């Protein structure tokens, strides 16, 4: 019986350690204290791991509490694997300064809570509801809008379309049948010709470098 208990504790310990390694250090540290993160995690049948909420299917992190983290810049969430965040709480970070690339790739972010000196990115063009919070004080940004539907002129080339890529961020992607710079070329991409020319260029460059270096060999 004791052996079974120790085995379970060992497995749980390894799992938590792997989670810390997997997410870098974003989840590590104190336990969650943000009530919005706790409430959302419970509503999704997720489970809390330090600062984060893990989805019920164990596939991704869906919420994170970064309050009191002494942050001066918003973390680059794109660098963390398996983060599909819907709720982020960044209050109680008085030195946090906004930048144009904040929250890039967080296209499913629906509930963002920021320090009082940090406005909701994109304002009412991006969020359905913007209001204040207390205890701690902050700015609450609720329900991210489809930025592309509100900004139809973002991708003005006929062969491209707008794809949301986080609050106040977007990508211009090529429609089916278009490719190249600004999706201006139509038809099938010449894959065979592209790889053939690449191989030829690589071979010629390698040959030139080889013979150039051989001249210095005694």
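Cβ atoms are placed via backbone N, Cα and C, with glycine included.
Copied from TrEMBL, the annotated features are:
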type: DISULFID; residues: 155-172; note: disulfide bond
type: DISULFID; residues: 174-183; note: disulfide bond
type: DOMAIN; residues: 144-184; note: domain 'EGF-like'
type: SIGNAL; residues: 1-21; note: signal peptide
type: TRANSMEM; residues: 192-212; note: transmembrane segment
Residues that sit under 8 angstroms from residue 183 (disulfide bond) by C-beta distance, when 6+ apart in the chain: 157, 159, 160, 172, 173, 174, 175
Among 155, 172, 174, the one of these disulfide-bonded residues whose Cβ has the fewest neighbouring Cβ atoms within 10 Å: 172
Residue distribution over DSSP helix, strand and coil in the domain 'EGF-like' (144-184): 7 helix, 13 strand, 21 coil
For the domain 'EGF-like' (144-184), mean pLDDT (0 to 100): 83
